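Trainee: My questions all concern the structure below.
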């Protein structure tokens, strides 16, 4: 009898647990459905409201009491506007100055060469910027002088170069601005003399735009070309064939000048051993030793000195090799 009651009690407990679990499951399902229904039935945003663009926000009040809109941006940008005006005026004055100089050159006005070089360097900085061109050969004296005038100005600002250019023109021609092309009266006549030379006119055509002779082979003897190229076998053949070792080109340069300028030490040795005149001067009065110093070829200079090159010979500018050479070249102090 007691065993029956225990079985009945166990069955009742199990039934209650089962009923509790079922009820819990049902309540969970119902709650989940209610949540879904709540989400689905939530009121959407009105399409008309969503599609209507928001009115633009009113501009903030200006700090000057509401008068900001009447300034047309002239308040904060006034400095940059003035800079633009100043830059334009400087450009025009520089253009007028360079055009005036071009016209002066065309009319044959004489200007010191040093001033020409100064104008050239400033013009190149103003129109092209810092010098990046390779240094010309020492054989090209004018080209070398122009390159130095440009190169020594370094990274000078364009505006500064323009202003200095104008200052030099003012010093050379105090009254040039009286007929300046900044007034745009006779500009067409002035610019026509220079328009084919550059965007703002040349400095002095005789210096700035002179085409330098680059050693045209048609103007050189075969031995000059061989010395220039460092072709030692060809040099030996020319000498063996009886070619004059001191043969001059149109500029008075000997094969030794060419070999030194191009830095061909072996060619220099062959020529000096063939009794080349180490003191021969070109049309500018420069010897092969001048070339060695100007081109900073110390080993060749020392070789020439050993072959009794004269360090006291002056070129047309009155410069001796000893005056031009670096102080570190001690062998120069022992020469002659």
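Cβ coordinates come from backbone N, Cα and C, glycine included.
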Trainee: With Swiss-Prot as the source, which of 179-202, 203-226, 227-250, 251-274 is set down as region 'Disordered'?
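Mentor: Of the candidate stretches, Swiss-Prot labels 179-202 as region 'Disordered'.
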Trainee: Hey, what's the Cβ neighbour count for residue 175 (N-linked glycosylation site) at 10 Å?
Mentor: 8
Trainee: What are the helix, strand and coil residue counts for the domain 'ACB' (90-178) according to DSSP?
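Mentor: For the domain 'ACB' (90-178), the helix, strand and coil counts are 62 helix, 0 strand, 27 coil.
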